[in-house]
Structures are given as structure tokens and as C-alpha cells.
Amino acid sequence: MKLLNAAGFLILMPTLMLALDPLSTSIFMGGAAVAWQLLSPYSWLKCSFLECCNMKDTLNFSVLKMDLERKVFGQHLAVQTVLRALSTNVYSKRPKKPLVMSFHGWTGTGKSFVSSIIAENLYQLHTPRRRFVHHFSTVLHFPHASHVHLYKEQLQNWIRGNVSACPRSLFIFSEMDQMPHGLIDSIMPFLGYREEIDGVYYGKAIFLFLNNAGGDKITEIALDHWRRQKRREEIPLKEMQSLMSEEIFSNVNSGFFHSQLIQKNLIDYFIPFLPLEYKHVRECVREELRSQGHLEDEDLMTEIALAMTDYPSEERLYSSKGCKTVASRVTLST
């Protein structure tokens, strides 16, 4: 209807212009051009200033790769897998299914940080387009286990409506380890190999699940590797992913307990976030000092990193909180 009105307006334009002086005509024409751009569904102007879902992907992988490698510490497995997964999905003209990734590891290891980097690069820090990033916090959005049936309906309607509006929608589910049992299975129809569901195509959607469950298993494998004097970079991803799939399926606190998403192989990647060592925490402190506008203080970096490296109690190899409390410690110490 907006386009029809605009067309009628443009038909009348020559008649209206006769009554205007040259300066007014120029202003009028400029205004009409802007109006036409704003009324067009995918015009460059509308997509620059207003909310617009442009189906043309603009993800710059070289920039994304640089952001992940420079800002995320100690997570070579996660960075490599995320880049490969996004590349496969985004470069496909019509993916056969949505991209589904499940991030696992201790708190503070970078799961939320990586998801935010993905969102920023996917939408190029463009504020209006951030409306196509949908973040569900289990504690905030699904607090009552007794309301699971209501949550299922709400969640399905929310995903259906938002993908209808923008096929390249990003859905992030945090605190999956606190998700009420059975709730996440309600989105199973949207994650499968289907051309369309009721006329809606879901293949360009991206789903990220952030989960502390599996973190102990990941740490156990990493620690065993270290005790056998093997490098962290030698940890095999395939073995880790297989163990994680089994672990979270049988873990009552994973959010995926006996989930059909795992049974039907709808999660494309189980991505391990390894526990952070002293050198990684030290880099987190360095980055926090920079972000707070302080000069690099080698002594302070060492002090905070040593204090946070506390697991296991004998070796004190890893930080049980990752980099979670680095910001507050830097603030208190500067």
C-alpha cells in the first residue's frame, strides 16, 4: 500500500512542480527521492538509517577472524570451529538447515563474548539491525518450570515471527544449564532439514546455545592432556565433540537432558571452550587495563592472574572463573 501511494504521488509530481520556483523544485525533488528510498523495502537509504533486513550477507570473514583471534584468548578450538561453521552457512545461497552451535565450558571462558563478536560482525555494529539479534536468558525469560507449556508456545511464535520478518536472524540462548526440561525441544521443527514450514524458510537463521554444562568434562580432558605433557593445541576436536554430546545428553542440568535435538542430530557443532591458564588470564587483564584507559602494569597483570589461577588446588593451572571477574579486580586495583 505504501508503494502504491508513493507511485500515485510520483505521477502527480510534474503538475505540482509547475507551481514551484527552481529552488523549491530542487528541495521538493530531493525530498521526493528520500521518500521513495524510505518507502522501498530494501533501499540502501532505508537499510542505512531504519530497521531493514537485507538478505544480502555482509559478513566480512577477514574482520571476524581478526576480531576472534585478537580478542579471544586460549580458545583455538572454538575460534576455528566458529569460523568454519559460519563460512559454510553464510556462503551457501540457500542452506539446507539453520546453523546450530552449542558452546560449552566453564564460566568466564568466552562463550558470551564470542557470541557478541558474531552478532557485531554479522550486523556490522549497525544499531537498527541489532533488532535481528534475539537473546534469551533462561533465568529472565523462562524462570518457572511449571510454565513450560506456555513458554513453548511463546518461543515457537517468537521464532516463527522473527524469521518471517528476517530470514538471517540470530537467536542466542544463554544459561542453557538452567533451561526447564523439554522446553528447548519445542523449537525442533525449525532446526531440521526442511525447505519451508508454512511458507517460512529457516535455513539462514543461526542458533547459539551457551552452556556451562560439560565444562567439567572439558577441563578433565584438558588437564589429562597437560599431565601427559601434551600441548593444549593437540587436543582433538572430534573426540571432544563426541564426548560432549554424550555428556550433555545424560546430564540432567544441561538443558539438553534426553533432548530430541541431540537424538536427531540437529545440533551441528558442539564447541568446547577450554579452561583458561595463567597466560590467558594475564592477557585478559592487559586488555581490561587498555579498555579502562590505564597503562599496562606488568606487576598488576601478574598479581591478578596469579590470584585467579586456582584449579586444581595442587597444580593451580586453570582459573575456575576464567576471566569473569577481571574487570572488577582491575577497577579495584587501579
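Start at 1 and count along the chain as shown; that gives each residue its number.
Using N, Cα and C of the backbone, Cβ positions are placed for all residues, glycine too.
On a predicted model such as this, the values are computed, not experimentally measured, just so you know.
Annotated in TrEMBL:
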{"type": "SIGNAL", "residues": "1-19", "note": "signal peptide"}
{"type": "BINDING", "residues": "Gly105, Trp106, Thr107, Gly108, Thr109, Gly110, Lys111, Ser112", "note": "ATP binding site"}
{"type": "DOMAIN", "residues": "276-330", "note": "domain 'Torsin-1A C-terminal'"}
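Shown here: features listed in TrEMBL, placed on the structure.
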| residue | record | Cβ neighbours (10 Å) |
| --- | --- | --- |
| Gly105 | ATP binding site | 29 |
| Trp106 | ATP binding site | 23 |
| Thr107 | ATP binding site | 15 |
| Gly108 | ATP binding site | 23 |
| Thr109 | ATP binding site | 32 |
| Gly110 | ATP binding site | 26 |
| Lys111 | ATP binding site | 28 |
| Ser112 | ATP binding site | 17 |
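For the domain 'Torsin-1A C-terminal' (276-330), the model's average pLDDT works out to 96.
According to DSSP, the secondary structure content of the domain 'Torsin-1A C-terminal' (276-330) in residues is 30 helix, 5 strand, 20 coil.
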